[in-house]
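S.K.: Per TrEMBL, domain 'Histidine kinase' is recorded for 399-622. Taken from TrEMBL, the feature domain 'Response regulatory' applies to 655-771. What TrEMBL records for 805-869 is domain 'HTH luxR-type'. Residues or ranges marked as 4-aspartylphosphate in TrEMBL: Asp704. The transmembrane segment annotation in TrEMBL covers 171-190, 197-213, 236-255, 262-287, 293-312, 319-338, 344-366.
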Amino acid sequence: MRRKALITVYFVMLLSPLFAGPIQALRDGWLFSYKNESPRSVKVPGNWTLYGPGIDPFGYGRYERIVDLGPLESRLPLMLRIGEIGTACAVYIDEQLVARRGTFGTSRETHVPMVAPLYVPLPEDVSQRIKLTIEVSNYEDTNGGGIWGQVLLGGASSMQAFRDRAVIRDAAMAGIFIIVFLFYLILFIYRRTDRALLLFAVICLAFFFRQIATGEKIALLVLPSLSWNMLVRTEYLSLYVLAPLYILFFSVLFGPYPWPRWLTWFIIGVGSLASLAVLGLPIPWFISTLIGIQLYWGFLFILTFSVLVSAVRTGKEDAGLFLFSFSIFVIGALNDILLTRLYIPTLSLVTLAQGVFILIQSFALARRFAREYRRSKNLEELNIHLKELDEARSQFLAAASHELRTPVSLIITPVDAILKGAYSENLAHDAPVFSLIRRNCDRLRTISEQLLQVLKIDAGMMKPALQRVDLKDFIQTYVALFSAEAGKKHIRLEFQPPAGGEGKLHAHTDPVLLETVVLNLLSNAIKFTPPEGCIRIELEAAEENRIGFSVQDSGPGIPPEQQSRLFTPFAASAGKKDSGIQSFGLGLPLSAEMIKLLGGTITVQSVMGQGSRFTVRIPRWQAIPIVQETSAVERPAKEKQLPHKPHSTPQQVPSILIVEDDEDMRTFLMEHLSRDFTVYTARSGQEGLDKIHGGLVPDIIISDVMMYPMDGFEFREQLRTMSGFDAVPFLFISAKLEPEIRFRALGTGAVDFIQKPFYIDELTAKISALVALLDQKQKRMEERVLHALRTHDVSPQKTTTSWKDRLAFINLTERDEAVLAWLLQGLSDKEIATQMHCSVRTVSNRVSSLLKRTGQPSRTALIALLKQE
């Protein structure tokens, strides 16, 4: 209520000079004579050039009027207010000089200009009817002289109150303008990137100077000695400079403008030249441009309105407020033209319009500044977060670099020593130095795989393949895997199933991702548990929709301040400086991200000196999947035709074609395989194809996947279309880790997919097994042909035994028999893992175990053994 009352009082103050009666406007009854010409009847206010033809803008004239003041005995003290007169005047009552503004003169030399409202108290002893004479001279304003403002007559007290209110109004508006100017100038100093703040501050400053140079002319009240020359230049400059300022101001807020850019610079240039003219040219010269400048302002109003209306239509912030305030400003400008140029007495709205315009513009600009400030703060906070993240990444990379240096050094240094002969010339192949190199190569491979997994998760490329997993069997497999390592360190490794002896505990998870988590937790537990310590793996009872397990060790424990950072990517390495933990910091963050992908949680509880407990909870399998039973009838394997060439006899050396684009890898394979085989090499699939077209018929082909101009897949497909080469054993080697690459390779009929890095002994063993299998098939085929010829195509009687009987000596378990049966059906490790509800690595480990127990060098040799009759 108080604010509304203050606003009401303020607007009454703005408008009260217009209604401060009893005041009479003396408009009619005036006689005007230009120089010595005969008088003519006119109205005031007005410009004498409008009174008729033949009146020059420069010169002098005389206004006369009879005024009836009323009876003396009932009359209060009276006062005249004569508005602006152009550009000097002398006031007479009954031919007696009572006041002047400037110096009236009949020539330019005797004339001294000054334009300002003139208040003239009337003598108390004047008669009832007086003759009011006003002499006016003008030698500056090219538009013409005359009485430009109203002539008012009223009581002295009323007229003085009128003046006081007008002065207070103008001073208050000037104060508002200068305060807003200082406020936005300070804001600009604080935020230099926002040019709209500076432009609006300068606009307010221009309004301030115009306010003190017009109306009651506050500048003259403060500085009575101020010359009219300075006053009129201030008035015109404040008007002319506003045009380019407004163009720049709205271009910052709502630019770029829809019109050509040259038009914007033309408008700015015209306003700037007009402002310079005010500063440098004589007064009559720049006053003569006023009509043109008013037309220029009208054109500018139209353009600005179009921009603001377009901004409102497009929904730009606060565009409606700017349009409303600018509309009020235009109304005030039109009102000023009616009063000062067309001399039509109307309600003066100029001061009110300027005040409302500045206040609304200031409010809208303040809202914009607040929004930009909030955005700036948000950007600063985001920038701080990004800097922290960048610093954490830098620390992470520094930690990675430090961790990688150790195994690299333990590879480079021994190799360098071997090359320099430090280990003697007859270094045994099983020397400890080679075990050292191999361990650190494995360590490098593990670190690189973890890094790739972190990058995949960070890029959102890792998608879990959820399935039903028997968590009890799954955990027990890895407990058995780590039992030997724990035994070497004299650590007890205990597995505790849930209380109550629940049977199957099925989880809805991805066994591959879960395997990484289990391996990380168990390896960390063994790493930090001292000798004679204990590691306890406990399986939790199934809840409604969750199932879990925990790994508890008796290690040194984790400091509380580091526990919150254990599962945060990049932060684990950041805390390494003051940490007693010597790990790389990848395992636990990687495990946490994988558990998150699986829809589970991982938590830690640790007490210094007593050990740590990591608890994992993942979704429970709640649906009964429909499993199609695999047919007990084994699918017959396709008989493969050998190339139409004489096969190598036992005395012949088998030939191998190696297709590899990396020169070092190609040379390495050739050096190692050439001891037992005849090796041919090619740098791409196209080069390998050219050699085959040239007559080369290898026994085995080994090919990389990624090559140019023909990759391994296209090379394989080309061979399959060639008669006799579709049955040549084909092996892929590649550094690609994606499962889809492996599936695609095996889908082309390749016998195996070997992932880099690999062991050369393993590759040699697989090649030897393939050669042996080919020789065995060739020998069997030859024996059958000879037998058929001898017995006139009568098949011999055969005594067959099953593979289960032949492998009874290794005590096959039920799960071993299932794996072997699926191998005979031609299933891959992933397909077997799906059937067994376990990870691919678990299947691979079991197959490797079967190879060792049966004494077979490769999977192909094992399958051949199973198929023997």
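Including glycine, each Cβ sits where the backbone N, Cα and C put it.
Keep in mind that this is a model prediction, so the values were computed, not measured.
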S.K.: Who are the long-range neighbours of the transmembrane segment (344-366) in its own chain, taking Cβ under 8 Å and residues 6 or more past its ends?
M.R.: 11, 14-15, 17-18, 25, 27, 45, 150, 169-170, 173, 176-177, 180, 183-184, 196-197, 200, 204, 207, 211, 215, 318, 321-322, 324-326, 328-329, 331-333, 335-336, 338
S.K.: In this predicted model, what is the average pLDDT of the domain 'HTH luxR-type' (805-869)?
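M.R.: Mean pLDDT across the domain 'HTH luxR-type' (805-869) comes out at 77.
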S.K.: Please report, as numbers and ranges, the same-chain residues at least 6 past the borders of the transmembrane segment (236-255) whose CB is under 8 Å from any CB of it.
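M.R.: Non-local partners: 195-196, 199-200, 202-203, 206-207, 209-210, 213, 264, 267-268, 270-272, 274-275, 277-279, 286-287, 290, 293, 296-297, 300, 304, 307-308, 310-311, 316, 319, 322, 368.
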S.K.: Using Cβ atoms and a strict cutoff of less than 8 Å, what residues sit near the transmembrane segment (197-213) while being 6 or more residues removed from its termini?
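M.R.: Distant Cβ neighbours of the transmembrane segment (197-213) are 170, 173-174, 177-178, 180-185, 187-188, 191, 219, 222, 231-232, 234-235, 237-239, 241-242, 245-246, 248-249, 252, 351, 354, 358, 361-362, 365, 369.
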S.K.: Please list the DSSP helix, strand and coil residue counts for the domain 'Response regulatory' (655-771).
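M.R.: Here the numbers are 50 helix, 24 strand, 43 coil.
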S.K.: Counting only residues 6+ apart in the same chain, whose Cβ is under 8 Å from the Cβ of the residue listed as '4-aspartylphosphate'?
M.R.: Val659, Glu660, Asp661, Asp662, Met665, Gly712, Phe732, Ile733, Ser734
S.K.: DSSP helix, strand and coil counts for the domain 'HTH luxR-type' (805-869)?
M.R.: 48 helix, 0 strand, 17 coil
